[in-house]
Amino acid sequence: MSDKPIITLSQTKPRRIKQWNRLYGWLRSPVHVIGLVGLLFLAYTIIWPVINILLTTFVWKTQDMRITAETNPGHFTLYHWQRVLASDMSLSLFYKPVLHAGAVAFVVSILSMLLGCGLAWLVTRTDLPFKKAIAFLAVIPYLLPSWVIAQAWLTFFKNDKIGGTPGIWQSLTHMQTPDTLAYGFVPIVISLSIHDSVYFFLLVGAALSSMNTQLEEAASMNGAGRWTIIRQIVFPLMLPAILSGFILTFTRAISSYGVPAILGTPVDFYMISTMLYSSMRARLTTEAHVLSLMLMLISMLMIYWNSQVVGRQRSFVTITGKDNPRTLQSLGRWRKPTALLTIGSMILVSVVPLLILLVQTFMLREGVYSWDNLTLHYWIGGSISDINSGEKGVLQNPIFLLALRNSLLIAAFSAVLAALLGLLLGYAVARGRQTWIGRTVDQVSFLPYLMPGISLSAIYITMFARPHWIIPALYGTVWLIILITVVKELPFTVKAGGAAVMQVGGELEEAAQMNGASWWTRFKRIVLPLNRKSLLSAFLIVFIGAMKETELIIMLVTPRTETLTTLTFAYVEKGYTQLTNVVLMIMISIVILVYALATRYGKADLTTGIGGQ
Amino acid sequence: MSAIELRNVTVNIGSKQVLRGIDLQVEKGEFMTFLGPSGCGKTTLLRTIAGLQQADGGTIVLSGREVANGETAYHLDSSKRGLNLVFQSYALWPHMTVFDNVAFGLRIRRQSKSEIRQKVMAALDKVRISELETRYPGELSGGQQQRVAIARAIVTEPELLLLDEPLSNLDARLRVEMRAELKRLHRELGATIIYVTHDQQEALTLSSRIAVFFEGKIVQVDRPQALYRRPATLRIADFFGSGGMEMNHVDGRILFAGDGSLYLSSPVCSFALEGRLNALPDKGMAVTMTIKPEHIRLQRHFVPGAIACEVDTVFPAGSETTVTVLAGGRLLTVRLLGDADYDRGDTAYLLLREEHLNLYHGDTGELLDGVRPASLSVTNHASNPISYDQNHLLAEVPTR
C-alpha cells in the first residue's frame, strides 16, 4: 500500500498534478531536452534565416531607389523576382549561369561516378597490387581545396592572351593554348571531377567492402555470369551509395565557387555561385538572395528525386557482421597494366599539381624556367616594391600569420564544436527515433545539406551584420565563420553521431541508469568513450573541411578574419601566383599532417564522416 | 507488506496497448517468473517495474512505496527504486574492466575506495569469478559475462532483482549450470527476484511462483507444480506443452447415461466422471481432454482398462524415448524412461494416469475444475458400454 496517497482532494487538482508530472517527466528525459535545445538552435540558424531571406525578396529596399523610381521601401513587390527571372538582364544574371552550373554539375557527377566507382571496385574487389598506396593517393584531392587543381591547371595551361603571363605549356612549346582548353567549361569540369570523385570512391568503396561476397557467390551458384552478377546483384545493392554520392557531388559542384572563379570568370563563364558573389559585391543584395533561393530550390529538387529513386531501397542490409574471406576478382594479364595506369593517373592528378605549385613558389619570375630564376623570396623575402607591389614573403608577412592563426582557430573550434554537437544531436536522433522530436531533429539537421554554402553565407551576412536579440553582431568576427562551418557540417556530423550512438545499444545506458548514473555521468562515462572513434572522425572531417573551405566563408571574411584560403584567394585575384602557392603549400601540409595523425593514432575514418556506413 | 504490488497497470507503446491491466502481488523473498511467448508484454512489465518504461495507467508500489502512478503520471527514477536489472544482452560496458563494471554503481554512490573494493570482490565471489576482475568483457565467455552482469546487479544490494531472459544467450549446457547458480544465489541473497523467460522448463525449475502472460494480460499465477498439473486454460496447457513437452489433445463429448451419471466419450477412451458435476450443462457438451506424454504408460500386453494402439514412430533420445501411437484414429505421444524396444506397426496398450487428465470446455477452453474421471473407470473404447458414433461427433464438435 502507498503510505502517502498523491491524489487527495478535488477533481481538478489531480488533473493539474497529472499535467505537471507529465511535463516534468517529459523534460527529465535527456532526449527531449537535447532535442528541444537542438531544435531551437536549428530553427534559429537554419529555418529562420531562410524564411527571413525569402520574405525580404518580396519587399522594396531603400537601395533599390538607385535602380528604379517605383521603389516604395518596406512594401510588397515582385520586382526582384521579376528582375532575376524575367527581365532583359535575366539571361546573363540567371539563365546562363543556371545553365552553366547545371551542365557543369551534371557532367561532373557523371565523370566522378565513373572514376570513383571504378576505382572503388578496383581497390575493394580485385587483386590489384599496391592497393594501400592507391587508396592513399585517391584521398589526396579530397584533402585539398577543390580549386587547387584549378590553380595548377591554370599554371600549366594558361596563355598570355588572357592570363597575362604564359603557362608552363606555352613556355615549353611556344604554342598558345586555346582559350577553351585554358578556361571555361572543360577545365572546370575536369578540376571538379578529379576532386569530387573522392566522394564516390569513399562511399561506394565502403559499401562494396561491407557487402557480403556470398551474395555474389550465391548468384554464381545459380548460374549467373559475371556481368549478370554485377548488373543484377552488385549494382542494385550499390545504388543507394551511388545515388548519395551523386547528390553529394551534384550539390557541391553546382554551388562550387573557387573553381569557376579561377577558371570561368576570366572568360565571363559565370555559374550561379560566381554570379551570386559578384551580385553581392555589386550590392545587388536582394537579387543575390533570389539567386540563393533558386540555387537551394535546385538542390532540393535533386534530393527529392534522389529520395524517390532510393526510397525503400535504403533498407537493404549489406552488412552481415560475418567477416568472411573475400573472393577477389582476378585481373589476369591486365593486373600490372591496370595498376600502372591507375597509379600513373593518380600521381598525375594528386601529386603532379602539387609539385607544379611547389616548383612555382621558387620562381622569381613566372614562366621563366632557368636555374638563376630560383629564389626563396616568396617564402622568406622582405618587401621589394617591384615584386607584387611590395607584398612581403609569406613567412615574413603579418597578414599570413594572422590568417594562419585564424584558420587554425576556426578549424579547431569548428571541428570540436561540430563533432560534439553532432554527437549530441545524433544522440537525440538515435535514442528518440520513436518520438516526434527525434525525427524532427533528424530532418531539420539535414537542411544545411540543401543549402549551397555560398547561399548560406549570403544569408548570414544580412542576419548577423547587426546585433539582434541576445546575439551580438557576429559579422567581422571568427565566431560567425565558426558558426557557419558548424551549421554547414551538421548533416554529416549528426548522421555520423546518430549512427555511432545507434551502435551503442540502449541497454548499455539503461544499465548505468539502473545503477543510479545521471544522464551526464552516462554520457561522460559510457557514450563518449564508446564513440571516441567516430567523434574523432567527425573532428577530422570538419577540420579538413574548415581548413580548405572557400565557398562558405569567402563572403564572410573581413581583413581581421582573413583565413589561409581567403588569403590565397585574394592573392589569386591580384595575380600573385607564387605567394598563392606558398600559402597553399603550407595549408596543404597542415591538412595532410592532421589527416595522417588522426588516421594513424586515432583510427579515424573519413568514410563515416561523409555518410558511409 | 508485499515486495511488489501492481494495480491495473497499463502501458502503451505507440498506439499499441502492450499491457492491459496487470494486477499482481509479489511477496518478499519470492522468486517470481513472468512466463509467456515473445511479444506478450512480460519484458515491458519488467521494464515498467524497473522504471525504464512509464506506466500509462495503474499504480506500482514497491515495499509500500508508490513508485509509479499512471493516473497522476507520477514516475520515480529507476535509480531511486531500490532495485537492479540484469539485461538480456548483459549490457556490460566494453570499455571497462570487470571490476570497473561492477564498481560503477558504488562509485556513483560515492562510497570509499576500500569499501568499493571489498564489496566488488564479495559480489564477484558470490558469482564465483573473482579471478576475472582485471579482464575486459570482450575477453570473457558468454557464461562469464552473464556472471559479471549478475555481480553488477547485486553489488548494490537491491531489495528487488530483475532478470530479463538472462539465460537465453547461453548454450544448453551452460543454461542448466546457470539455473543452479541462480537458485543458489536466490537462497543466499534473500532478495525478491523477478525473472522473465519464455522457457517453460526454466520457469518450472526456478520459480516459487509463475505468472503466465498472453497478449498483455496475466492469465494465471500459480506455483510451478499447480501450473504443470492444472493449467487454467487449454491455451496455457498448450503453451506448457510446447518446447519438447508436447501435450496430447483428444476431443470428446460429455454424455448422460440413463442412470443420471455422466460419462466422457472420445475416440480414444471413455470413462465415468465424478466431482463437481452440477456445474456442467444439462445437455451433452464438447470437451477437450489433455494428458501429457509422461503420464501415459505404454506396455506390450493387455491389462484391464488398457487401450489398444498401434506404434507409429519411435524417437529414441538416450535417457528417454518418445513414441507416437495411433489409438482410435488419433495420434498420441508417449514418453518413456530409458530406451524402449518398439517398432513401427507394433501393437501395444496404453494406460492413462487419470489423476493427470484434464478436461477443458470445448468452446471457451477453460479448465473444468473439479471434474475428474471416476477412479479406475478409464476403459478401452472397444469395451465401452456407451456406443460411440464418430461421425456424430465430427458433425457437432467444432474442429480446432
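Using N, Cα and C of the backbone, Cβ positions are placed for all residues, glycine too.
Per TrEMBL, these features apply:
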- A:31-51: transmembrane segment (TRANSMEM)
- A:98-122: transmembrane segment (TRANSMEM)
- A:98-306: domain 'ABC transmembrane type-1' (DOMAIN)
- A:134-154: transmembrane segment (TRANSMEM)
- A:181-208: transmembrane segment (TRANSMEM)
- A:229-250: transmembrane segment (TRANSMEM)
- A:288-305: transmembrane segment (TRANSMEM)
- A:339-363: transmembrane segment (TRANSMEM)
- A:404-598: domain 'ABC transmembrane type-1' (DOMAIN)
- A:408-430: transmembrane segment (TRANSMEM)
- A:446-463: transmembrane segment (TRANSMEM)
- A:469-487: transmembrane segment (TRANSMEM)
- A:535-558: transmembrane segment (TRANSMEM)
- A:578-598: transmembrane segment (TRANSMEM)
Segment proximity, the transmembrane segment (A:134-154) to the transmembrane segment (A:408-430), 3 or more C-beta pairs under 8 Å:
no
Given the transmembrane segment (A:469-487), which of the listed stretches A:288-305, A:339-363, A:446-463, A:535-558, A:578-598 has the most Cβ pairs that are under 8 Å apart from it?
A:535-558
So are the transmembrane segment (A:446-463) and the transmembrane segment (A:134-154) touching or not, going by 3+ C-beta pairs under 8 A with a sequence gap of 6 or more?
no
Report yes or no: does the transmembrane segment (A:98-122) come within contact of the transmembrane segment (A:181-208), defined as 3 or more CB pairs under 8 Å with a sequence separation of 6 or more?
yes
Where among A:31-51, A:181-208, A:339-363, A:535-558 do we find the most Cβ pairs under 8 Å to the transmembrane segment (A:134-154)?
A:181-208
Counting only residues 6 or more past its boundaries, what in the same chain has a CB within less than 8 Å of a CB in the transmembrane segment (A:339-363)?
119, 122, 128-130, 133-134, 137-138, 140-141, 144, 148-149, 151-153, 155-156, 168, 194, 369, 373-376, 378-379, 577-578, 581-582, 584-585, 588
Sort out for me which stretch, of A:31-51, A:181-208, A:578-598, has the most Cβ pairs below 8 angstroms to the transmembrane segment (A:535-558).
A:578-598
Spatial neighbours of the transmembrane segment (A:181-208) far in sequence, C-beta under 8 Å, 6+ residues away:
100, 103-104, 107-109, 111-113, 115-117, 119-121, 123-125, 135, 138-139, 141-142, 144, 146-147, 149-150, 153-154, 157-159, 162-163, 167, 234, 237-238, 240-242, 244-245, 248-249, 252-253, 256, 259-260, 263-264, 266-267, 269, 318, 349, 606-607, 610-613
Using Cβ atoms and a strict cutoff of less than 8 Å, what residues sit near the transmembrane segment (A:31-51) while being 6 or more residues removed from its termini?
296, 421, 424-425, 427-428, 431-432, 435, 437-438, 440-441, 444-445, 447-448, 451, 456, 459-460, 463, 483, 487, 490
